[in-house]
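A short write-up of the structure that comes next.
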Amino acid sequence: QNNAKVAVLGASGGIGQPLSLLLKNSPLVSRLSLYDIAHTPGVAADLSHIETRASVKGFLGPEQLPECLKGCDVVVIPAGVPRKPGMTRDDLFNTNASIVATLTSACAKHCPEAMICIISNPVNSTIPITSEVFKKHGVYNPKRIFGVTTLDIVRANTFVAELKGLDPARVSVPVIGGHAGKTIIPLISQCTPKVEFPQDQLEKLTGRIQEAGTEVVKAKAGAGSATLSMAYAGARFVFSLVDAMNGKEGVVECAFVQSGETESPYFSTPLLLGKNGIEKNLGIGKITPFEEKMVAEAMSELKASIKKGEEFAKNFK
C-alpha cells in the first residue's frame, strides 16, 4: 500500500527543498509533485536522480498548480516568507495569509479529499484560514486539515533528552495548544519515560521550547528561520499520516486542528490518526497545575489569532 501521492507547495524554499528530499527518500511515497513560483524544474530534476522509487515532477506558477494537485493523497504547504530577527510569527500574517488562502483554494478545487498539512506560519491563523476556504468551497472536512506543530514536539524531546542524558529517539513529550510563543504548551508531566525537574529548571526548559524558533532565527542572523529541523518534523508528520492511511494502528501525533477540547475552536492535542485522517482526538489528559495555568494563559492569544485568520478568509477573494 506504499503508494502515497504527495504534493509539496513551496518546494523551492528553505523548508520545501529539504522536506522534498526527505519525502523522496521514503519508500512510502510513490509520486512527488513539487510546486513553487520559481526554481521547481531545477529542484525536481535534481531530486529525480535519487535512486528511490518516487517519481518526481516539478510544477511552476499558478497555471500549473491544478495539474500538480490532481490525484494527490497528501498536500504539504511550507510556502511563505520566513521570520527575520525581531519578527514574531504573527508579523508574517499579511504575506503568508494570502499565500495559504490561494493555495488551499486550489486544493479545495482540485484535491478536496486530500490530507492538508500546513506548515506556513502563523499556524494559529493559517489553519482557521484553510478551514474557512474549504467551507467556502463546500468541501470542508475537519478530520483532514492539520497544522503541523511537530517541530515543537521534536524540540521538547531533544531538550529533555539533553538534560536527562537520554536517547532523544526514545523520549516522547506531548505538546499542546498552538504554535507560537506562550501558546506552545509542553506537557513534561506526560513525558515517556517519566522525568522530573525542579520548578525553576522546568520553567526554564518550558521557556526554551516555546522560544526555540527564535533561538534559530537569532543564530541564523537574518539568513532565515528553522528550515532543516522543520523539514524533518514535517516529514515525520507526513510519514505518520501515511502509515495511518495505510492501515497502521496506534499512530499518534499532535497537531493544531479544529477541536472541542477547550474553549478555543482550534487546539493542538495528541490525535489518533487513521485511514480518514483524525480517528480520535485523545484530548489533554491529566495535567499539573503549572500546565493548567499555561493552558488558561494561552487562551486569549489563541482565540485572537484564530479570529484574525477567520476574518481574513471571509474577506479574501
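Cβ coordinates come from backbone N, Cα and C, glycine included.
TrEMBL annotations:
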DOMAIN    5-147  domain 'Lactate/malate dehydrogenase N-terminal'
BINDING   GLY10, ALA11, SER12, GLY13, GLY14, ILE15, GLY16, ASP36, ASN96, ILE119, SER120, ASN121, MET230  NAD(+) binding site
BINDING   ARG83, ARG89, ASN121, ARG155  substrate binding site
DOMAIN    149-312  domain 'Lactate/malate dehydrogenase C-terminal'
ACT_SITE  HIS179  active site, proton acceptor
| said: Can you tell me how many other Cβ atoms are located within 10 Å of the Cβ belonging to SER120 (NAD(+) binding site)? | reply: 29
| note | Students should find that the Cα atoms of ARG155 (substrate binding site) and MET230 (NAD(+) binding site) sit apart, in Å rounded to an integer, by 10
| Neighbours of ARG83, ARG89, ASN121, ARG155 excl. site residues, C-beta within 8 Å of centre, substrate | PRO122, HIS179, ALA180, GLY213, THR214, VAL217, SER225, ALA226
| How many neighbouring Cβ atoms, not counting its own, are there within 10 Å of the Cβ of ASN121 (substrate binding site)? | 28
| message | Return only the integer: C-alpha distance in Å from MET230 (NAD(+) binding site) to ASN121 (substrate binding site). | response | 12
| Taking every protein chain shown into account, which of the recorded positions ARG83, ARG89, ARG155, HIS179 has the largest tally of Cβ atoms within 10 Å of its Cβ? | HIS179
| C-beta crowding around ASN96 (NAD(+) binding site), within 10 angstroms | 24
| Residue from ARG83, ARG89, ASN121, HIS179 whose C-alpha is spatially nearest that of GLY10 (NAD(+) binding site), among the recorded positions | ASN121
